[in-house]
Structures are given as structure tokens and as C-alpha cells.
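**Q** The following block contains the structure, expressed as C-alpha cells.
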Amino acid sequence: MLHMLKTLEQCNRKKCAIFAMGLVLLLSLMRLGWMMYFQDADHQPQVRQGVLDLRDWDGIQEETIHLDGEWTFFPNQLITGNNQGNEADHQLMQVPSSWSNDDRSLYRYGTYQLSILVDPDANDTFRLVIPSVRNASELYVNGQLIESSGQVTKNVANFEAKNLPYTAPLMANDAGVIEIMVQAANQMNPSEGGMVRSLTFGKDSVVRGEQHLSYSFQLVLMVAFVIHALYALGLFFVSGRKWTYIYTSFLILCAITTHSLGSDEKLLASWLQLDLEWNVKLSNLASTGIIFSLWMILKDFFIKYMRIVHLFVIAMTLVSVALILFLPMQPLEQLQQIFSTFLIVALLLAIVSLFLNKPRSEKDTIWIFIALLALFHSYIWWGIWIEQGIDIMFYPFDLLITIGSFTVMWFRQYFDMYLQSKEQATRLQQVAEEKDEFLAKTSHELRNPLHSMLNLTQTTLERNQMVIDQRSMRELETVYTVGRRLSLLVDDLLDMARLKITEPTIDCRAFYFQSIITGVIDLFQFTIDQEKVQLKNEVPDDLPPIYADENRMIQILYNLIHNAVKVTEEGDIVIRATKDRDKVICTVIDPGYGMDAETIERVLKPYEQEDPSEGVGLGMSISKQLIELHGEKMNVKSKLHRGTEVSFSLSISHEAPENEEFSFTLDQRFFANDAFQIKQVHESIEKANILMIDDDVLNLQVIESVLSDEEYEITFVQRGDDFLDQVHARRWDLLILDVMMPQFSGYDLTQRVRERFDKTALPILLLTARNHPKDIATGFQVGANDYVTKPVDAKELRARVSNLINTKQLTEQQLEMETKWLQAQIQPHFIFNTLNSINALSTMDTRQMRELVETFSEFLRTKFDFHAYQQLIPIAEELAIVESFLYIENIRFGAKLNVQWSVEIDESFFIPSLTIQPIVENAVKHGVMKQSDGGTIEIKAFQKHDYLRVIIKDDGVGMDDETIQSSIKGVGFDNTHKRLVKYFGTGLQMKSRVGVGTIVAFNLYKRPEC
């Protein structure tokens, strides 16, 4: 069997079709065998003319019997046995079956009667099982009410539907007669009421035994399904959030829900005591959930039509859920057949899709195929049994095969993942070895040309110091310092490679620690912001000589100080050395971020660092291992936000150094100039303004050097909070951000900038050391306009900077042209109406006519001032324009136009000209004046925190979503929005409802240039 399934994993369609037919045949034979085993024996007595005679049947001691046959039925009568019904108005009705509804009434009720004759001397206790009576029933035995499901009444107002299965113990009377009366009623679908399922009767112990077996099958199945649903949910959390497992878990839960609500025992409905309405609703919701889950699991097989089908399935799911939840019971029960049909069709389509399409994982397809085929087979036979009224012991094997197939598939996936992980671990080990080998070879290849570059740079500086200008001298000094830092990094890489294979050699000798610490500190004086960070040398002059490898000590100190510099934004980094008996204790203390115990343990490993955004993480690990090569230990003490202290011990030399001169020297004249400071390249006011952030001063200097010949005014900062302050302090044409920084990454800063400025208002250029597609995509997703990879190519950087600035300037020019055009727009009707108003007032009120002429003249002067667009104007001036416009409109419309002002004017706030007036004009023309009785316009301006909030509100006709979108795309709204974004980083906000009105609001921030 397993061999056959393994072969089927690569089978063609013909073999799969044969396998499917064989599986269906096997499942059908198993179910038929189950039916034959549990069906009633042919020799069992039958119900005839409302009587079942069991007095001469010995099988009652060991078997149950279905009470199928001719029951006496009293339509539209509720009798209990004590009071006989109308003998003339009764009929024989076949059970199980639905009663007919000839009169087409909306509410039907009646009573079923059956007399069971048993041996009066046996004194046995019997039990009756009633699986379903639509849609409410009450059981009377020998005139006594024994059990009920729902409430049966003649008055429909008191009717209560429930239709839950129940059992009842029965005892014969002295004459050996058990008179059963089952009152039934149905309102939901009167034509399908009555006893539609077989009733089971037998001795109490026999019936209980069968019920216990059926319950056990169902409970085991439910527990298995729930466990596998939870297992699938667990796989979701441990497998990289693959949503297929969520949908599989949901599918399993929905499948077991439909069965537990629709089986004869209706276990879930009985446990929850659900009424009929919620039983039907939950069953239909579960069916809808199966359809939805199947699509989400198998949608990749419909690649050609996936989008269309996906939207259709989502829409149908939402519609179905809405119908199920909100439709009343009667139409919902009539739709239940449709939901069941959809479920069967969905399962069939899923099976066909697996058969016709090539899935991503062919190994898993066969198990999904078997699971769905078994589930489909189960639903088909379940429908047949319900339709035919067959009452057989619960059949569990189809569902067990379904869940078993999922189990096999998941176990297979687990073992495949295990083997894959094992293979990948082996491969990763090989890759790690290849990486170490590559780094070693690359480091060797870099060493010679790097040293040649350093030698040539130093020679050039020494030979041409009187010829080279000051700027070139500073740039050559930068080249030399960067080269020295790169040389130490190459040494780290070589040492790491050696440590992987064998211990590197150390050349210990006596030397003075004071001599090397001075040289190492000099390496950093040129690369730090000395206004914020100071390196303090607290090594005493009388410190005895130490015995160690001098070059290794330089390497160790450089790594430790470099790490301290990277995590220190402001404060003193102290290098201290003290004598402790026959040892010298060297300590590097920084006031940086600090580390917890877990971080300390991590940074001491190769390729790890406190901040993943910086370097390759070799420094601390290399330093630790080099110190251990000297037979000493390195200790790290740190607390979060309290700095870090790294210390190590060295042996005191008992011999004097052979040469007390400093062997590792840098010509002091290289550092005679002041250390590079964060500065601005001040140019003319017409130049584009660029703001750049990088935590490495050398990178800032390189960018300054590349862009210094261009017409730009560049401002440099190193801290993220300083950068954000600068962004909002003035108007910028371009932001240049380094991606990898300790406090804020370039991605974080870009997201914060984009909260106020869109891509056209303020372009952003990212500098990144990685050009992997994922990193580039992340940059664009957070809002960057462009990127440049490091090391920066000068020509590429100039071209991209120029392109972004030119694009921004062209956008601004377009805005200016649109503003000019808008200023030139004035409706002829507005002029004619105003002139008519002037003419009318000339004969009625000359004083008001003069006021109107003056106001109209001032309004026209503002409209034709084509220089206003170039500047921000005080908000008081803009409000004066609005007041002029509203005065003119008020003369025209009179009491129909009501204006309410609530303005707190602050002269320090400025606004682009003609921002409020077009909005107010739109509110008058398209808002309140569209109503026959006019309306009210409210203009509010009030200060809130650090900005001025402006709100224009009208109670006009309002707009629907489509009209709002059309308005937003209009030139006037779009231009005003873009100008606000240009100056303040935030634009217009609009809310509107038809018949309620419209609100337009925006914020004004103080501008430094105003």
C-alpha cells in the first residue's frame, strides 16, 4: 500500500483517475458493509395500522428495532392518549416520512400514535430513541408526558422549535401495552414536518449499549479532529507563519462541526442546548467555512483565473455569512439545501483541481487528494442517509481516513524538513568554512595594495606639504586615516581566519604601554566629534613596562576604543591602566548604551555586535581571543543605559625595553588642523538645501568632498533626534540618510519623515552598504525616492542628487503654474451677479453700494496679484480675502447664507495665498446654495499644541464617496493640498455625508523663514 502511494506521488492523470475510482469503490464497499452489519434483521416485526406486536418475538432481548411502518396520525389534533382524538379524522402515515401540507397553511401540527404490545409478565424496562421530529415534539407514553424537544401548541405564537434528539425510558401497563403519542409541529417549513427519521426501540440495556458505541465513535472522532486542528495551528507558529496551516485548522474544525451538528445524536447541539435556529445557522456557517478554507488552501492551483475566482469566493463567503446571520429561520431553512449543495460542489471542484493542476508540492498532493475524497464521500453518503431516513450506527471511517491523511502528510513534511535541515546544516558548515577561507584569501590580497596606498599617501604628504593646498591636505589626511582603520580591519580578518585553523603567532617583548596608547588615540582624534566625545588618557607616566606583543596590543586597543566610540553619542571615553602586584590592569570605559548579560555574551562571539547596524562584529571577539593568547582574560561589565567597562590584565616586564621610542607613530602635523567638525557648506541662498545624517564623520566628509563643487548648501548631523529637529526647522530640497546607524536606522528616520512629507514634497536618498533586492525594496517601501550603494561612486551620487532635486523643483514649478492658473480663474457669473447687486443697490442703498464696490475691488486685486503665489502670507490677509468674498456673496444671497466665525488670529502663522478662499467658495456654490433654503458656513481657526488648526464646515447637500474622490482629483483641491504639503508636510482632510454637509480641515505650522 505504501509503495503504491509512493508511486502515485509521481503518477500521471490516468493512474490518478484509476486510483480515485478504486478509492471511492473501496470506501463505498466499507460503508455498505457497515450498513449490512447494523441494519435491522428481515425477520423483525413491522408496524401495521398503528400497532407493533412484539409478544412473540424473542429478538427483543438482544436487538433493537426501528419503529418503521404505518402509524396512526391525527392531523391538526394534539392528543395524549387519555382523551381520544376524532376517530373520523385520522389517517395512516408511513414513518419515517414528511407529512403532506394540502391546505398550504404556514403552521402545521398533529399527533402520531403507536401501540406496542409486549409480554405483560416480563416486567422489562424499554427505551425509545427519537433522533429528529421537525421541528418540535412532545412524547406521551400511556397518557404521561415523558420528554420533549421544543414546545408544541395549537397557537403558533407559543410554538418553540428545537428538534434535538432525545431518549426516554418506557414501561408497559398491566395489559402489556405501551401507548406512544408523539405530538409534532412545524412552522419553518410545514410541508417537511413530522417524523422524518426512524425511531429506535428496545430493551433499556441494549439501546444504551448501541448509544454508547455511537457516542464513543463520535467523541473519538471529535477529539481527533480538534487535536489535529490544534496541531495545524501549532505548525503555523513554528513554520514561518504559513497561512495554509491556519486554513487547514479552520477546515478541520468546520468539518467536525457540521458532523457534530447534523448526526443523529447532534452532540454539539445537545451539549450547547442550541435551539433549532442556531443549530441551522452554525451548521451553515461551518459549511461556508469549509468552502472558504478549501479555496484558501488550493487557490494557487487556479493561477490563471486566481484573482477573479478569489474575489468571487471572498464575496460569496461574505454574502453567505451575512445571509446566515441575519435571515430569519424560515427562509434560512429553505436555503439550507443550497448551502449543502455548494459544499458538495466545492469539495468536488477541489478534488478536480488537484487532479488537473500541478501543485507546488507533489508529494503532499496525494494525501490532500485522499483526505478531500474521503470527506466528499462522507458528505454524499450522509446526505443519502438523511434523505432516505436511514438510521444506522454512526459510521466514522471516512472521517478517520480524512484526518489520517492529514496526519501522514504532516509527519511526512516534518521528516522532509528534518532531512532538509540536516542537509542545510551540513551545507552551512561547508559554507562557513568556505567563507573563512575566502576572507583569509581576500585579506591577504588586500594587505599589500593597502599598505602600498598608505605608504604612497604618507610620502606624498611629507614631500608636498608646502605645495598642496589646505583642502587637499585635509583630504589626504582623511585617506591616510581611513587606510589605517582598514589595515586594522584586515588584520582582524586574518587573525579570525588563523584562529579558526590554529593559534596565530605572537611576538612578546617589553615595551611601554604609554607609547602605544597615545598613537591609538591619535587615530580617533580625526574621526570623532570632539565637541561631544572626548578620549581621555588616564595612563600614568610611571607605569612599568609590560610584556606583550606590541602590534597585538595596538590591535586590541583600537578594537575596544572603536567599539566604545560607536556606542557613545556624548561624553568621555576613559582609557585607564593601573598596577596590581605583578600585573597591569588596562580598562576602557564608555558612557554609551550599555548591554545586558545576553548581549555581552553575544558580542564576544565572532561576527556579532551590540548594534547589528555597524561593522562585521569582529572587534570584541578578536580582542578577547588575542588577550587569551597572552594567557590573560578579558572582563566585560555593563548595565543598560549606564555604559560599559572592558578590562584585561597584562604581565609586567622584569626587563627594560630595548628601545623606548614609540614604534607606532603618526606624523603629528597630519593632525595639526582642528578635528573635522559637523559643519555647513554655506553657499548662496539660491542653492538647493541638503540635509545629511551619518554617524561616521568620515562618511560625512566624503559626501562633502563629492558634492562641494555643486551648487548645494549642505548641512551635516550625526544624531537621529538632531536630524528630525532639523527636518522640521526649515525647508529642505533633499535628505540624504545612511541606512545603518546606531540610534535610528535610515529606514526608521524615513518612516518618521514620511509621516509629514510625501515623496514629491521632500525626496529622500538612502546610502546603503547592501544592494540586496530585499534591502532596496525595504527602502522604497518605507518611502525613499532613491538609493546609492556604498562605497559611493562620485559620479553616481552627483547624478542621483541632481535628478532628485531637479524633479522636486520641476514639481514646484508645476504647482506654481497651477496656482497662477487658479488665480486667473474667476467665474463670469460671479462678476455679473456682483455687478447686478451693485446696480440694484444704487437705487436702494448707496452706502452699501460703495462698500460692495470697495470690497469687490479689493477681491479682484487679490485675484490678479500673480506674485502672491511665490510667498507665504499672514493668515490674517487670507482671512481678509475670505471675508471680502463672503461679504459679496452675502449681499447677493441675503439671509440664505449664514456665516459663523470663530477665529483666534496669531500673526506668527503664515499660509499659502488663496488656500481658504477656494474652499469657502466651493462650500457656498456646491454646498449650502444647492439647498433651496441655503445654509450655514462655519470658519474656525484655533491654536492646538504647536500648530494652528483651520476648519471650514458647511451644512449643505454633502457628497457621496464618488463625488469626494472626484473633488480630490480636481485641480483646485489638488493644488491647495500639494502647496500645504510642500510648506507644512500635511495637506487637506475632508469628510462629507450626503444631506449632512462637508468639513475641510488642515494644519498650519510656524515656518522659520517667515
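Note: Cβ is positioned from N, Cα and C throughout, glycine not excepted.
Quick paste from TrEMBL:
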TRANSMEM  16-38  transmembrane segment
TRANSMEM  215-238  transmembrane segment
TRANSMEM  245-262  transmembrane segment
TRANSMEM  305-326  transmembrane segment
TRANSMEM  338-357  transmembrane segment
TRANSMEM  366-386  transmembrane segment
TRANSMEM  392-411  transmembrane segment
DOMAIN    441-654  domain 'Histidine kinase'
DOMAIN    689-805  domain 'Response regulatory'
MOD_RES   ASP738  4-aspartylphosphate
**Q** Should anything in the same chain at least six residues away from the transmembrane segment (215-238) have a Cβ under 8 Å from its Cβ atoms, list it; otherwise answer none.
**A** 245-246, 248-250, 252-253, 255-256, 259-260, 263, 265, 267, 393-394, 396, 399-400, 403, 406-407, 410
**Q** Across the domain 'Response regulatory' (689-805), what does the mean pLDDT come to, as a whole number?
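**A** Mean pLDDT for the domain 'Response regulatory' (689-805): 82.
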**Q** Under 8 Å between C-beta atoms and at least six residues away from its ends: which parts of the chain pack against the transmembrane segment (392-411)?
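**A** Cβ under 8 Å, 6 or more out: 27, 30-31, 34-35, 38-39, 210, 213-214, 217-218, 220-221, 224-225, 228, 231-232, 235, 248, 252, 255-256, 259, 263-265, 364, 367-368, 370-372, 374-375, 377-378, 381, 385.
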**Q** What parts of the chain pack near the transmembrane segment (338-357), using Cβ distances under 8 Å and only residues at least 6 beyond its ends?
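**A** Apart from its flanks, the transmembrane segment (338-357) reaches 13, 16-17, 20, 258, 284, 287-288, 290-291, 294-295, 298, 301-302, 320, 324, 365, 368-369, 372-373, 375-376, 379-380, 383.
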**Q** So, three-state DSSP: helix, strand or coil for the residue listed as '4-aspartylphosphate'?
**A** strand
**Q** Where else in the chain does the transmembrane segment (305-326) make close Cβ contacts, counting only residues six or more beyond its ends and a cut-off under 8 Å?
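**A** Contacts of the transmembrane segment (305-326) (Cβ under 8 Å, skipping residues fewer than 6 from its ends): 281, 284-285, 288, 291-292, 295, 299, 332, 335, 339, 342.
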**Q** Within 10 angstroms of the C-beta of the residue listed as '4-aspartylphosphate', what count of other C-beta atoms is obtained when all protein chains are considered?
**A** 23
**Q** Give the residue counts of the domain 'Response regulatory' (689-805) per reduced DSSP state, in the order helix, strand, coil.
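**A** Looking at the domain 'Response regulatory' (689-805) with DSSP, the answer is 52 helix, 25 strand, 40 coil.
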